[in-house]
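I have placed the structure first, in the form of structure tokens, so that the comments after it can refer back to it.
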Amino acid sequence: MSQSETDALPNVHVRAEVLVQALPHMQRYDEEIVVIKYGGHAMGDRAAAEDFAEDVVLLEQSGLKPVIVHGGGPQIGRMLDRLGIKSEFREGLRVTDAATVEVVEMVLAGSINKQIVGWISAEGGKAIGLCGKDGNMVQARRATRTVVDPDSNLEREVDLGLVGEPERVNRAVLDAVLKAELIPVLAPVAVGSDGQTYNVNADTFAGAIAGALRAKRLLLLTDVPGVLDKNKKLIPELSVEDCRRLVADGTITGGMIPKIETCIYAIEQGVEAVVILDGKVPHAVLLELFTDYGAGTLIRRSAP
């Protein structure tokens with residue numbers, strides 16, 4: 001054995017230990033559906049994107065059934081700027097008029113969706129890109145948001161334009177794709193009963209998909225480590241009741257609130273557990289599913 005091979009042995013032993021640790025986790029998830037929401041910001045780093053695609057292929061080859069839902073907010077914003085279309089946000093959601101929804105569909109269901117399919121294909125996976133309009137997979141209704149005016153303390157409804165909320169998921173479309181041993185890559189664009197195209201928040205879309213599929217896990221990849229306490233430290237595990245309490249006491253605020261609402265909805269629809277984790281961490285998905293340490297904040301119906 002050469003000196004270089006001898007020097008490499010400790011690293012090989014570490015990798016072997018990792019594989020041994022991963023085996024029971026792989027067996028636990030065998031043939032189980034895992035829905036992964038892949039955020040727009042996490043896609044900005046090419047190396048991280050390739051790592052993500054590699055992880056997805058490894059999940060599929062390990063016996064899991066990964067379903068990918070992607071966002072694309074930053075990419076949409078850049079395209080709107082290039083086209084001279086002004087972006088407006090109300091209550092954290094993009095106000096979507098007729099011109100904007102065309103751009104949203106073009107960016108999400110077109111360039112981003114096919115880019116992710118290409119990354120997975122490059123790693124040896126078989127992926128298919130779809131959006132909620134394909135096969136009438138996700139029907140949506142116009143979203144409504146009610147806010148309290150801080151001056152009058154009266155409620156008022158916020159008009160978000162062509163922003164939709166999932167109303168019905170046609171599971172048969174997804175079942176057919178999974179039966180064909182393909183990895184679905186889904187853009188959060190849905191259709192109304194009248195044929196209108198709707199822009200759907202990617203977290204909300206992923207929650208609806210996971211609920212319809214009764215997924216084993218829903219992973220929400222974000223730009224933060226998970227749910228943080230008031231001292232900005234990661235909370236490793238929460239129950240649904242804990243989540244509601246932390247929202248009520250102001251620990252969970254801002255953009256994390258709709259993510260928590262998605263988690264609660266998915267769990268109430270039959271998803272076993274949801275994890276909010278940092279998509280910028282290398283191989284975060286594998287760390288969560290295949291190691292004893294996990295990653296991010298695990299949310300389940302009740303405390304273990």
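Residue 1 is the first one shown; counting continues down the chain.
Just so you know, glycine gets a Cβ as well, placed from its N, Cα and C.
For Gly72, Gly73, Arg94, Asn199, the entry in Swiss-Prot reads substrate binding site. Long-range Cβ contacts of Arg94 (substrate binding site) within its own chain (separation 6+, distance under 8 Å): Gly73, Ile76, Ser87, Glu88, Thr100, Val104, Leu160, Val163, Asn199.
Here Swiss-Prot flags Lys37 (among others) as site 'Transition state stabilizer', drawing on sequence analysis. In the structure as shown, the Cβ atom of Lys37 (site 'Transition state stabilizer') sits within 10 Å of 30 other Cβ atoms. According to DSSP, Lys37 (site 'Transition state stabilizer') is assigned to a strand segment.
According to Swiss-Prot, the site 'Transition state stabilizer' annotation covers Lys259 (among others), on the basis of sequence analysis. Taken residue by residue with DSSP, Lys259 (site 'Transition state stabilizer') is part of a helix.
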Quiz item: What number of additional C-beta atoms lies within 10 angstroms of the C-beta atom of Asn199 (substrate binding site)?
Solution: 27
Exercise. For Gly72 (substrate binding site), list the number of other Cβ atoms lying within 10 Å of its Cβ atom.
Key: 26
Quiz item: Gly73 (substrate binding site) has how many other Cβ neighbours within 10 Å of its own Cβ?
Solution: 18
Quiz item: Quick one: what's DSSP say for Gly72 (substrate binding site), helix, strand or coil?
Solution: coil
Quiz item: Which chain-mates of Lys259 (site 'Transition state stabilizer') that are at least 6 residues away have a CB under 8 A from its CB, listed by sequence?
Solution: Asp203, Leu220, Thr222, Ile276
Exercise. Compute the C-alpha separation of Gly72 (substrate binding site) from Lys37 (site 'Transition state stabilizer'), stating it in Å without decimals.
Key: 11
Quiz item: Reduced to three states, what secondary structure does DSSP give Asn199 (substrate binding site)?
Solution: strand
